[in-house]
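Residues or ranges marked as substrate binding site by TrEMBL: 20-27, 33-34, R72, 99-102, K110, 170-171. As annotated by TrEMBL, active site, tele-phosphohistidine intermediate applies to H21. Look at TrEMBL and you will find E99 tagged as active site, proton donor/acceptor. Among the features that TrEMBL reports, site 'Transition state stabilizer' is placed at H169.
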Amino acid sequence: MLQKTSEKPRKSDNVLVLVRHGQSEWNRLNMFTGWKDVGLSEEGEAEAHRAGLLLKEEGLVFDSAFASTLKRAHNTLDIILGELGQGKLPTVKAAALNERDYGQLVGINKEEARKRFGADQVHVWQRSYDIAPPGGESLKDTAARVCPFFDRWIVPELQAGKNVIVVAHGNSLRSLIMELDKLTPEEVQDYSIATATPVIYRVKADGTLVEKRNLAA
Ligand SMILES: O=C(O)[C@H](O)COP(=O)(O)O
(Lines of atoms letter the chains of each structure in order from A and count residues from 1; the text may use other names and numbers.)
(Lines give C-alpha, C1' and ligand atoms only; values in the text may rest on other atoms or scores of the structure.)
Protein backbone atom coordinates (compact mmCIF):
# COMPACT_ATOMS: atom_id res chain seq x y z
CA MET A 1 0.00 0.00 0.00
CA LEU A 2 1.13 3.57 -0.71
CA GLN A 3 2.61 5.58 2.17
CA LYS A 4 2.11 9.29 2.91
CA THR A 5 4.81 11.96 3.15
CA SER A 6 4.60 15.55 4.40
CA GLU A 7 6.65 16.90 1.45
CA LYS A 8 5.08 19.61 -0.74
CA PRO A 9 3.33 18.50 -3.97
CA ARG A 10 5.16 19.28 -7.24
CA LYS A 11 3.89 19.80 -10.79
CA SER A 12 5.76 16.69 -11.91
CA ASP A 13 3.87 14.46 -9.45
CA ASN A 14 1.46 12.02 -11.01
CA VAL A 15 -2.10 11.56 -9.78
CA LEU A 16 -4.47 8.90 -8.54
CA VAL A 17 -8.09 9.97 -8.98
CA LEU A 18 -10.87 8.06 -7.24
CA VAL A 19 -14.49 8.65 -8.25
CA ARG A 20 -17.70 7.15 -6.91
CA HIS A 21 -20.12 6.56 -9.82
CA GLY A 22 -22.85 9.12 -10.52
CA GLN A 23 -26.30 8.69 -8.99
CA SER A 24 -27.79 5.33 -9.98
CA GLU A 25 -31.47 4.54 -10.50
CA TRP A 26 -31.51 2.82 -7.11
CA ASN A 27 -29.65 5.69 -5.38
CA ARG A 28 -32.46 7.86 -6.71
CA LEU A 29 -35.02 5.50 -5.20
CA ASN A 30 -32.94 5.28 -1.96
CA MET A 31 -32.63 1.48 -2.21
CA PHE A 32 -29.77 -0.76 -1.01
CA THR A 33 -27.95 -1.73 -4.19
CA GLY A 34 -24.73 -3.65 -3.52
CA TRP A 35 -23.97 -6.03 -6.40
CA LYS A 36 -27.27 -5.35 -8.23
CA ASP A 37 -26.25 -4.02 -11.64
CA VAL A 38 -28.45 -0.95 -12.04
CA GLY A 39 -27.76 1.88 -14.48
CA LEU A 40 -27.18 5.58 -13.91
CA SER A 41 -30.14 7.89 -13.47
CA GLU A 42 -30.42 10.94 -15.71
CA GLU A 43 -29.01 13.01 -12.84
CA GLY A 44 -26.18 10.46 -12.45
CA GLU A 45 -25.22 10.89 -16.10
CA ALA A 46 -25.24 14.67 -15.66
CA GLU A 47 -23.06 14.30 -12.54
CA ALA A 48 -20.58 12.16 -14.48
CA HIS A 49 -20.35 14.84 -17.19
CA ARG A 50 -19.73 17.48 -14.50
CA ALA A 51 -17.00 15.32 -12.92
CA GLY A 52 -15.34 14.96 -16.33
CA LEU A 53 -15.42 18.73 -16.85
CA LEU A 54 -13.92 19.34 -13.39
CA LEU A 55 -11.06 16.97 -14.19
CA LYS A 56 -10.61 18.68 -17.55
CA GLU A 57 -10.32 22.06 -15.83
CA GLU A 58 -7.53 20.53 -13.74
CA GLY A 59 -5.75 19.76 -17.00
CA LEU A 60 -5.57 16.06 -16.19
CA VAL A 61 -4.74 13.43 -18.80
CA PHE A 62 -4.93 9.77 -17.75
CA ASP A 63 -2.65 6.90 -18.72
CA SER A 64 -4.65 4.13 -17.04
CA ALA A 65 -8.31 3.71 -16.15
CA PHE A 66 -10.02 1.17 -13.89
CA ALA A 67 -13.67 0.57 -13.02
CA SER A 68 -15.76 -2.12 -11.42
CA THR A 69 -17.71 -4.55 -13.59
CA LEU A 70 -20.98 -2.84 -12.57
CA LYS A 71 -22.37 -0.58 -15.26
CA ARG A 72 -23.03 2.43 -13.02
CA ALA A 73 -19.25 2.61 -12.48
CA HIS A 74 -17.91 1.87 -15.95
CA ASN A 75 -20.57 4.05 -17.61
CA THR A 76 -19.49 6.91 -15.32
CA LEU A 77 -15.88 6.28 -16.35
CA ASP A 78 -16.83 6.30 -20.05
CA ILE A 79 -18.64 9.64 -19.66
CA ILE A 80 -15.67 11.17 -17.79
CA LEU A 81 -13.16 9.96 -20.38
CA GLY A 82 -15.44 11.29 -23.13
CA GLU A 83 -15.40 14.76 -21.53
CA LEU A 84 -11.61 14.54 -21.35
CA GLY A 85 -11.38 13.62 -25.04
CA GLN A 86 -9.88 10.29 -23.93
CA GLY A 87 -12.70 8.00 -25.04
CA LYS A 88 -10.21 5.62 -26.65
CA LEU A 89 -8.20 4.97 -23.47
CA PRO A 90 -8.36 1.22 -22.70
CA THR A 91 -10.10 0.57 -19.40
CA VAL A 92 -9.77 -2.35 -16.99
CA LYS A 93 -13.02 -3.67 -15.48
CA ALA A 94 -12.48 -5.61 -12.27
CA ALA A 95 -15.02 -7.35 -10.03
CA ALA A 96 -12.63 -6.77 -7.11
CA LEU A 97 -13.66 -3.08 -7.26
CA ASN A 98 -17.41 -3.85 -7.14
CA GLU A 99 -19.60 -2.40 -4.39
CA ARG A 100 -19.80 -4.20 -1.05
CA ASP A 101 -22.40 -6.99 -1.23
CA TYR A 102 -25.36 -5.73 0.82
CA GLY A 103 -26.76 -9.29 1.12
CA GLN A 104 -30.38 -9.44 2.22
CA LEU A 105 -30.70 -5.65 2.25
CA VAL A 106 -30.40 -5.43 -1.55
CA GLY A 107 -33.57 -4.04 -3.09
CA ILE A 108 -34.95 -2.71 0.22
CA ASN A 109 -35.64 1.02 0.55
CA LYS A 110 -33.22 2.45 3.17
CA GLU A 111 -36.01 4.23 5.10
CA GLU A 112 -38.07 1.04 5.06
CA ALA A 113 -35.04 -0.92 6.38
CA ARG A 114 -34.68 1.57 9.27
CA LYS A 115 -38.34 1.04 10.18
CA ARG A 116 -37.99 -2.73 9.93
CA PHE A 117 -34.65 -3.29 11.71
CA GLY A 118 -34.12 -0.02 13.65
CA ALA A 119 -32.04 2.99 12.55
CA ASP A 120 -29.07 2.12 14.80
CA GLN A 121 -28.80 -1.44 13.45
CA VAL A 122 -29.01 -0.25 9.85
CA HIS A 123 -26.34 2.38 10.53
CA VAL A 124 -24.05 -0.33 11.93
CA TRP A 125 -24.58 -2.43 8.78
CA GLN A 126 -23.92 0.61 6.57
CA ARG A 127 -20.93 2.20 8.24
CA SER A 128 -19.21 -0.15 10.72
CA TYR A 129 -15.89 -1.71 9.81
CA ASP A 130 -16.35 -5.38 10.59
CA ILE A 131 -20.07 -6.06 10.97
CA ALA A 132 -21.67 -7.44 7.81
CA PRO A 133 -25.33 -7.01 6.87
CA PRO A 134 -27.14 -10.41 6.83
CA GLY A 135 -25.74 -12.51 3.97
CA GLY A 136 -23.47 -9.67 2.80
CA GLU A 137 -19.97 -8.24 3.21
CA SER A 138 -18.58 -5.99 5.94
CA LEU A 139 -16.26 -3.14 4.98
CA LYS A 140 -13.41 -5.36 6.19
CA ASP A 141 -14.52 -8.14 3.80
CA THR A 142 -14.69 -5.56 0.99
CA ALA A 143 -11.19 -4.27 1.81
CA ALA A 144 -9.89 -7.86 1.65
CA ARG A 145 -10.53 -7.89 -2.14
CA VAL A 146 -10.18 -4.17 -3.02
CA CYS A 147 -6.79 -3.54 -1.36
CA PRO A 148 -4.92 -6.57 -2.79
CA PHE A 149 -6.23 -5.67 -6.27
CA PHE A 150 -5.06 -2.07 -5.77
CA ASP A 151 -1.61 -3.20 -4.64
CA ARG A 152 -1.24 -5.75 -7.45
CA TRP A 153 -2.52 -3.72 -10.42
CA ILE A 154 -2.77 -0.02 -9.60
CA VAL A 155 0.26 0.72 -7.39
CA PRO A 156 2.72 -0.44 -10.13
CA GLU A 157 1.06 1.98 -12.59
CA LEU A 158 1.50 4.85 -10.13
CA GLN A 159 5.07 3.85 -9.44
CA ALA A 160 5.69 3.89 -13.20
CA GLY A 161 4.69 7.60 -13.18
CA LYS A 162 1.23 7.11 -14.69
CA ASN A 163 -1.91 9.14 -13.99
CA VAL A 164 -4.60 6.69 -12.93
CA ILE A 165 -8.37 7.07 -12.58
CA VAL A 166 -10.48 4.54 -10.66
CA VAL A 167 -14.28 4.67 -10.77
CA ALA A 168 -15.97 2.45 -8.21
CA HIS A 169 -18.47 2.64 -5.35
CA GLY A 170 -19.24 4.27 -2.01
CA ASN A 171 -18.03 1.34 0.07
CA SER A 172 -15.37 -0.19 -2.18
CA LEU A 173 -13.72 3.26 -2.26
CA ARG A 174 -14.24 3.79 1.49
CA SER A 175 -12.30 0.58 2.13
CA LEU A 176 -9.46 1.78 -0.09
CA ILE A 177 -9.38 5.33 1.33
CA MET A 178 -9.38 3.84 4.84
CA GLU A 179 -6.08 2.15 3.93
CA LEU A 180 -4.59 5.13 2.05
CA ASP A 181 -5.53 7.66 4.75
CA LYS A 182 -4.85 5.23 7.61
CA LEU A 183 -8.31 5.78 9.09
CA THR A 184 -9.23 3.81 12.20
CA PRO A 185 -12.41 1.66 12.27
CA GLU A 186 -13.98 4.50 14.33
CA GLU A 187 -12.94 7.21 11.87
CA VAL A 188 -14.19 5.30 8.83
CA GLN A 189 -17.71 5.18 10.32
CA ASP A 190 -18.08 8.92 9.71
CA TYR A 191 -16.48 8.82 6.28
CA SER A 192 -18.71 8.72 3.23
CA ILE A 193 -18.15 9.66 -0.41
CA ALA A 194 -20.51 11.75 -2.52
CA THR A 195 -21.45 10.53 -6.01
CA ALA A 196 -19.23 11.71 -8.89
CA THR A 197 -17.00 13.89 -6.68
CA PRO A 198 -13.40 13.18 -7.67
CA VAL A 199 -10.84 12.63 -4.91
CA ILE A 200 -7.35 13.49 -6.15
CA TYR A 201 -4.16 12.16 -4.60
CA ARG A 202 -0.82 13.47 -5.83
CA VAL A 203 1.77 10.70 -5.99
CA LYS A 204 5.55 11.16 -6.01
CA ALA A 205 7.85 9.17 -8.27
CA ASP A 206 8.74 6.84 -5.38
CA GLY A 207 5.04 6.07 -4.93
CA THR A 208 4.45 8.12 -1.76
CA LEU A 209 1.28 10.21 -1.46
CA VAL A 210 1.78 13.96 -1.04
CA GLU A 211 -1.63 15.57 -1.13
CA LYS A 212 -5.35 14.70 -1.16
CA ARG A 213 -8.09 16.97 -2.44
CA ASN A 214 -11.82 16.65 -3.15
CA LEU A 215 -12.98 18.26 -6.38
CA ALA A 216 -16.48 19.41 -5.49
CA ALA A 217 -18.59 21.03 -8.23
O1 LIG B 1 -24.99 -0.19 -2.42
C2 LIG B 1 -25.60 0.85 -2.09
O3 LIG B 1 -26.76 0.85 -1.66
C4 LIG B 1 -24.90 2.19 -2.22
O5 LIG B 1 -24.11 2.21 -3.32
C6 LIG B 1 -24.06 2.52 -1.03
O7 LIG B 1 -24.87 2.49 0.02
P8 LIG B 1 -24.59 3.15 1.45
O9 LIG B 1 -24.17 4.57 1.22
O10 LIG B 1 -25.91 3.01 2.13
O11 LIG B 1 -23.52 2.33 2.10
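Using the three backbone atoms N, Cα and C, a Cβ is placed for every residue, glycine included.
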Query raised in the report: Taking only the recorded positions R20, H21, Q23, G34, E99, R100, which have a CB closer than 6 angstroms to any atom that belongs to ligand 1?
Result: G34, E99
Requested in this report: Express the distance between the Cα positions of G34 (substrate binding site) and H21 (active site, tele-phosphohistidine intermediate) as a whole number of Å.
Outcome: 13
Report task. Counting Cβ neighbours within 10 Å across all chains shown, tell me which of the recorded positions H21, R100 comes out on top. Result -> H21
Report task. Would you kindly give the Cα-Cα distance separating R20 (substrate binding site) and E99 (active site, proton donor/acceptor), rounded to the nearest Å? Result -> 10
Requested in this report: Compare the Cα of H21 (active site, tele-phosphohistidine intermediate) against each of the recorded positions R100, K110, H169 and report the nearest.
Outcome: H169
Report summary line: Cβ proximity for W26 (substrate binding site), under 8 A, sequence spacing 6+, ordered by residue number, returns F32, T33, K36, V38
Report task. Would you identify the secondary structure of W26 (substrate binding site) according to DSSP, in three states? Result -> helix
